[in-house]
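Following: one structure in structure tokens, then a few remarks.
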Amino acid sequence: AECKVTVDSTDQMSFNTKDIAIDKSCKTFTVELTHSGSLPKNVMGHNLVISKEADMQPIATDGLSAGIDKQYLKDGDARVIAHTKVIGAGEKDSVTFDVSKLAAGEKYGFFCSFPGHISMMKGTVTLK
């Protein structure tokens, strides 16, 4: 199984996939985020955050006041399973996490916590 995926983000507030599939045989999984747009991160920055589906909007809401220096995530937010930094055009960042953090039967998702982006920039994380 390939235990990594690359997800691209754009100036049109979109990810290039709606689902990240993780093979149960993977001990760790790496997500690399790229940005193929042309806008800087303070204008059209994106990150990729993984959490339970039910926690996605609350994490994004709480992260608004944290600001870009903290990746628009509340300090020490235990609901966040993994996240990349906020990146701008031409940049990339990756994060590796233990697949054991994902429980069978629970619904997980990924999203961008940059203010206003979650409505268009989200998807599911599936354990296969």
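Backbone N, Cα and C atoms are what each Cβ position is placed from, and that goes for glycine too.
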Subject >> Swiss-Prot annotation, Cu cation site containing CYS112, HIS117, MET121 - matching residue among HIS46, HIS83 >> reply: HIS46
Subject >> Those residues of the chain, 6+ apart, with a Cβ under 8 Å from that of CYS3 (disulfide bond) >> reply: ILE22, ASP23, CYS26, LYS27, THR28, PHE29, THR30, VAL99
Subject >> Assigned element (helix, strand, coil) containing HIS117 (Cu cation binding site), judged by DSSP >> reply: coil
Original post:
What other residues of the same chain, not counting HIS46, CYS112, HIS117, MET121, have a CB atom within 8 A of the CB centroid of the Cu cation site?
Top reply: SER9, MET13, PHE15, ASN47, LEU48, PHE111, SER113, PHE114, ILE118, MET120
**OP:** Note down the number of other Cβ atoms within 10 Å of the Cβ of CYS26 (disulfide bond), including every protein chain shown.
**Re:** 16
